[in-house]
Amino acid sequence: MSSPGDTAVLVLAAGPGTRMRSDTPKVLHPLGGRSMLSHLLHAIAKVAPQHLAVVLGHDHERIAPLIADWADDLGRPIDVALQERPRGTGDAVRCGLSALPDDYAGVLVVTSGDTPLLDADTVADLIAGHTATRAAVTVLTTTLSDPSGYGRILRTQDNEVTAIVEHADATESQREIREVNAGVYAFDTAALRSALNRLSADNAQQELYLTDVIAILRGDGLPIRARHVDDSALVAGVNNRVQLAQLGAELNRRIVAAHQLAGVTVVDPATTWIDVDVTIGRDTVIHPGTQLLGRTQIGGHCVVGPDTTLTDVSVGDGASVVRTHGTGSSVGAGATVGPFAYLRPGTVLGDDGKLGAFVETKNATIGTGTKVPHLTYVGDADIGEHSNIGASSVFVNYDGESKRRTTVGSHVRTGSDTMFVAPVTVGDGAYTGAGTVVREDVPPGALAVSAGPQRNIEGWVRRKRPGSAAARAAEAAEKAAGGRPAGEAE
C-alpha cells in the first residue's frame, strides 16, 4: 500500500467543455480574479505534494504556457501530460501517470480542473484520512438537492461503497440517490495502475470511466473508503455558464465575508465584488456597486465607492475614492479621487492629493498635496507638490505621431482652460492666466499669459443678428439703462 508522506496530485483538464459554448477552454474561464484551473493549482500548492501534474488535451497549446507561468509564481514545478484523444477520465489518468516517476508508489490524488473552490484543507484531510485507513481508494462525496449529471454513490446495507455509477448509465432508482461523486480521489498508485489496465468502454459514452475503478478494486477485495464533504460548494464542478456564475457568486460571498470578519465594512455585499488577491485594511468602508479586481490593495480607514471599479490599484490609508474607474494606478494616503474620475495605467497620485470630478489621468505623476479639482486631462505629465491645476485644463501630449511629456513644478497655480502643449516645463511657483496656451517653458515664479487684450465690438448682435432673441434682450437692457443702442448714431 501507499507510503505515508509520498503524495502526488493529478489534475484532469483535458475535456473540451462543449457545454460552455465558448472559444475559451473551460478551465480558463475566470471567477474571482483567477481562472478555474489557477484557483485549483494555488490550493493544491499549499498542500505541497511531491509531484503535481495537469493532464491536457483540448487547447493544450493555450493552457500549457499559463501553467508554466503559474508554476513560476508558485515557486514549484508543475508537469504537463497530454491526452491525445478524448477517451474518458480513466484514459486521462493513465496518460497522467506518465508524468510521474515509473517507480512512484505513494498516494495519488486525482481531481478535475473545473472545481475552483476546492481548498487545501479539504485535499489535506482527504490525504490524511486515506493514509490512516490504508485504503486502495478514498473518494470524496457530497449530497446535493439536485444531483442531475453527477455520478451516484452506491453503498451496501452496511454503508460500504461498492461502486460509482455515472448519471447516463444509472437506473431510475439509482438516480434517486442524492449522494454523489465529488470527482476527487486518493488512490494507492499500485492498485490504481492495476485497475486501469482492466477498464472497459462498455457504457453509454463508450469511454473509459475512472469511476469504474471503484468496482474493480472492490472486486479485488481491497478496502474502499469515502469521505463526505458537507460544504458541497467546495467540490462543485462547472459545466456551463450558469454554474460558473453560481460558483462565482458563492466565491465572492466568501471573499466578502472574510473581509468583513477582518474589520472591513461592506455596506452591500450583494453588489460588491472583490477578487481573491485583493487586500483591504481595517476600518475601510466599501459602498455599494464597487468592484475591487486583480491585485488591488486598499489601505485602512479608506472610503471606496459607491459605483467604483479598481483594477490593480493601490490606495493608501485614509484615502477616499468615489465613483471612479481606475486601472494600474496608485493613490496616496489621505488623497481624494472622484466623483467620475478615470485613472488610467501609470497614474500616481501623491499623499493628500486630489483628482476631482471628471478628471482623466494617464501615465502621470501628481505630487503630494497637488489638486486637479475638475474637468481636466492629465496625460504623460509630472506635477510637483502642492500645485493647483485650474478647471478644464488639458495636457496636450500627442502631436499626431508620438507622445510627449509635460513637467509642472511645485506650488504652481494655473488658470482655468490652460493648455500645456508638450514638451514644455513650468517652473516652481509659476502662474498661468485663464485660457493660456503654454507652448514654451515658463520660468519659476513667472506669470504666463498668451491671450491678447479683450476687444468688445459694440452693436455686433443688433447688426449681425437683427430680430433675434439676443438682439431683443440687448436692446431692452440698453433701454432700461437709459442708453442708446450700441452703434446707433446720435
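One-based numbering along the chain as shown.
Here the Cβ of each residue, glycine as well, is placed from N, Cα and C on the backbone.
Residues or ranges marked as region 'Pyrophosphorylase' by Swiss-Prot on the basis of sequence analysis: 1-241. Taken together, the residues in the region 'Pyrophosphorylase' (1-241) have a mean pLDDT of 94 on the 0 to 100 scale.
Under the heading UDP-N-acetyl-alpha-D-glucosamine binding site, Swiss-Prot lists 12-15, Lys26, Gln83, 88-89, 112-114, Gly151, Glu166, Asn181, Asn239, Arg344, Lys362, Tyr377, Asn388. Around Asn388 (UDP-N-acetyl-alpha-D-glucosamine binding site), the same-chain residues at least 6 positions away in sequence with a Cβ under 8 Å from its Cβ are Thr370, Lys371, Pro373, Val412, Arg413, Thr414.
Per Swiss-Prot, Mg(2+) binding site is recorded for Asp114, Asn239, and the stated evidence type is sequence analysis. Within 10 Å of the C-beta of Asp114 (Mg(2+) binding site) we count 26 further C-beta atoms, all protein chains included. In the three-state DSSP scheme, Asp114 (Mg(2+) binding site) is classed as coil.
Below 8 angstroms of C-beta separation, residues 20, 29, 31-32, 116-117, 233, 236, 269, 272-276, 278, 280, 282, 286 of the same chain, each at least six residues beyond the ends of the region 'Linker' (242-262), sit close to that stretch. Summarising the annotation, Swiss-Prot assigns region 'Linker' to 242-262.
The region 'N-acetyltransferase' annotation in Swiss-Prot covers 263-490, and the record cites sequence analysis as its basis.
DSSP assigns His374 (active site, proton acceptor) to a strand. Here Swiss-Prot flags His374 as active site, proton acceptor, drawing on sequence analysis.
Take the CB of Ser416 (acetyl-CoA binding site) and look out to 10 A: across all protein chains shown you find 17 other CB atoms. Per Swiss-Prot, acetyl-CoA binding site is recorded for Ala391, Asn397, Tyr398, Ser416, Ala434, and the stated evidence type is sequence analysis.
For 462-490, the entry in Swiss-Prot reads region 'Disordered'.
Residues or ranges marked as compositional bias 'Low complexity' by Swiss-Prot: 467-490.
Remark: secondary structure over the region 'Linker' (242-262) totals 20 helix, 0 strand, 1 coil, with classes taken from DSSP.
Spatial neighbours are here defined as Cα atoms within 10 angstroms of one another, and by that definition the neighbours of Asp114 (Mg(2+) binding site) among the recorded positions Leu12, Arg344, His374, Asn397, Ser416 are Leu12. A Cα-Cα distance of 50 Å separates Tyr398 (acetyl-CoA binding site) from Leu12 (UDP-N-acetyl-alpha-D-glucosamine binding site). The binding residues for acetyl-CoA are recorded as Ala391, Asn397, Tyr398, Ser416, Ala434; their greatest pairwise CA distance is 22 Å. In this structure, the binding-site residues Ala391, Ala434 were compared by how many other Cβ atoms lie within 10 Å of their Cβ, and the smallest count belongs to Ala434.
A straight line from the CA of Ala434 (acetyl-CoA binding site) to the CA of Gly15 (UDP-N-acetyl-alpha-D-glucosamine binding site) spans 64 Å.
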